[in-house]
Amino acid sequence: MEKLTILLLVAAVLMSTQALVERAGENHSKENINFLLKRKRAADRGMWGECKDGLTTCLAPSECCSEDCEGSCTMW
């Protein structure tokens with residue numbers, strides 16, 4: 001009976017350890033996905049933030065990173 005109790009305790013510890021490891025893996029995957037999404041969003045915003053890069057159509061100079069709009073943003 002004593003051996004059975006020890007065996008059950010060991011099994012419970014192993015199962016709880018496995019559950020903790022699996023949860024940590026899920027969080028790590030979510031962190032990777034969030035990191036990649038943030039990088040994609042930054043690339044969509046343009047090199048300098050919330051402005052348009054060179055050769056992108058614009059209506060006002062404030063839309064361009066270079067603050068120079070002549071129908072399209074100039075590079076510098």
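Backbone N, Cα and C define each Cβ position, glycine as well.
All protein chains considered, the CB of C65 (disulfide bond) has 19 other CB atoms within 10 Å. C65 (disulfide bond) carries neither a helix nor a strand DSSP state and counts as coil. Summarising the annotation, Swiss-Prot assigns disulfide bond to C51-C65 (among others).
Residues annotated as disulfide bond in Swiss-Prot: C58-C69 (among others). Sequence-distant contacts (6 or more apart, same chain, Cβ under 8 Å) of C69 (disulfide bond) comprise C58, L59, A60, P61, E63.
In this structure, C73 (disulfide bond) is part of a beta strand by DSSP. Residues or ranges marked as disulfide bond in Swiss-Prot: C64-C73 (among others).
Residues annotated as 6'-bromotryptophan in Swiss-Prot, with experimental evidence given as evidence: W48 (among others).
What Swiss-Prot records for E50 (among others) is 4-carboxyglutamate. E50 (4-carboxyglutamate) falls outside any helix or strand according to DSSP and counts as coil.
The number of other Cβ atoms within 10 Å of the Cβ belonging to P61 (4-hydroxyproline), over all protein chains shown, comes to 13. The annotation 4-hydroxyproline is assigned in Swiss-Prot to P61.
As annotated by Swiss-Prot, 4-carboxyglutamate applies to E63 (among others), with the evidence given as experimental evidence.
Same-chain residues at least 6 positions away in sequence with a Cβ under 8 Å from that of E67 (4-carboxyglutamate) are, in sequence order, P61. Annotation comment: Swiss-Prot describes E67 (among others) as 4-carboxyglutamate.
Annotation source Swiss-Prot lists 4-carboxyglutamate at E70 (among others), citing experimental evidence.
As annotated by Swiss-Prot, 6'-bromotryptophan applies to W76 (among others).
For 1-19, the entry in Swiss-Prot reads signal peptide, with the evidence type sequence analysis.
Within 10 Å of the C-beta of C64 (disulfide bond) there are 22 other C-beta atoms, taking all protein chains into account. It is 10 Å from the Cα atom of C64 (disulfide bond) to that of E70 (4-carboxyglutamate). In this structure, the CA atom of C73 (disulfide bond) is 8 Å away from the CA atom of C65 (disulfide bond).
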